Amino acid sequence: MQREQIIVVKLGTSVLTGGTDKLDKAHMVELVRQCCELKKQGHQVVMVSSGAVAAGREQLLKSCGTSLVDKQMLAAIGQGQLIHIWQSLFALYGVNVGQMLLTRADVDDRERYLNARDTLTALLSYNVVPIINENDAVATSEIKVGDNDNLSALVAILANADKLLLLTDQDGLFTSDPRTNADAKLIDEVTHINDELRQLAGGSGTSLGTGGMATKLQAADIARRAGVEVIIAKGAGSNVILKCMSEQLPGTRFLKLTAPKDGRKKWLLAGPKSNGQIAIDTGAISALQNNGASLLAKGVTSAFGDFERGDLIDLIDTNNQVIARGLTRFSRSEVNKIKGAHSKNIAQLLSYDAGAEVLHRDDLVLL
Ligand code: GLU
C-alpha cells in the first residue's frame, strides 16, 4: 500500500483541447475520473488548469486578436466557463472543487504567500480539489508568473506536494526534437539539470498554450529543490495520471532533491523577486556549499541594487551566476562599507555592532 501523497496535476492547454481549438470535455472527464480514483486511494489532488484563454476563444464565437488585452479579455470570459466545466465533472463523482487564481505577487510577498498556503491547506483538509490558474484577466507582465508550468511548481511548494505531474502533448523530454528527428529517445530519468539539458528543452511548443519544454524544465528545477518529484508525461495517454503513481512511468521523471524543512526556506525557493545582488568570492562559495556556513563580510566583493536590511537578495559568483538567495542582515550601503573586512573590524567600520554575518545560514538557500 502506497503512502498517501499530495499530487499536483498540471494540465496544459494542449491536453485540454487535444490540439484542437475547443475544450475536449470527453477527455476532461477522463482526467477527472483518474483524479477521483487517486482521492479514493487516499491521496490529495491539486489541479493547475490552463485553458481559460482557449475557453474564452471558444465562447466568444468571433475571432479576436492575440494582444495582451485580447488575451486578458478571453481569460475573463473563459475562466468562468473553465471552472464551471471542472465543477460539473467533479460533481459526477461527488467531489467539490475550489478555484484559486494567483499571480506572482501572491507568492513574492511572504504574507500573501502564507495566506494562499492557508487557503490551499484548508481546501485539502475539507477534501476539496483546488483548481488553480494564473489570474490572467488582471495579471500584467510585471506580476505574472507567465506560464502554468512555473505556476504549478510554485503551487507544489505551496501545497507541500510530493509529486508534480506536468501533463502535456509530448511523452516527456527527448534526446532531440521527436517532431523532426526520428532517432530522438525519451529520457526516462533526470538526476541533474544542466545547460545541456536546457538546450535540449528548447522553446515553446504549441500556439494556444504558453509553455514548452523549456518552462517545464524550469518548473522541474524549482520543484525538485523543494523536495517534489516531477514527472512530464503525455496527457492524452490512457490512465496517465494513475500510471504516474507507479514505477512504470510513461514519461520523464525528475528525482527530488533533499528539501529544507523550514517553511521560510521553501518560500525562498519559490523565487520571490530579489531586491539586489551580493557578489562573493570563491572561498565564501565553498564555505556556503561545502560547510553550510553563513556568509561573512570577508567573502563579499561587491553589492548591487537597492536593498535594505531584511530584504531578499541573490548571491552571485564571479561569472554572475546566482548560487544562493536569502535575507540580508545589512543594507547595500552597509555591505559596501564592510565588504572584504575581517569580522573583528566590522563594528568599528559601521560604528555599531550588528554581528559579522551578512547572511545567516538559517536565512539562505543554495540553488
Ligand atoms: N493561464 C493560461 C490559460 O488559462 C495558460 C498559461 C499556460 O498555458 O501556461 O489559458
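Cβ atoms here come from the backbone N, Cα and C positions, even for glycine.
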In TrEMBL, substrate binding by S50, D136 extends, among N148, N150, to N148
Rounded Cα distance in angstrom between N148 (substrate binding site) and K10 (ATP binding site) is 8
Distance filter, Cβ under 6 Å of ligand 1; input binding-site residues K10, D136, D169, M213, T215; output D136
Around the Cβ of D136 (substrate binding site), other Cβ atoms found within 10 Å total 24
Around the Cβ of K10 (ATP binding site), other Cβ atoms within 10 Å, all chains included, total 29
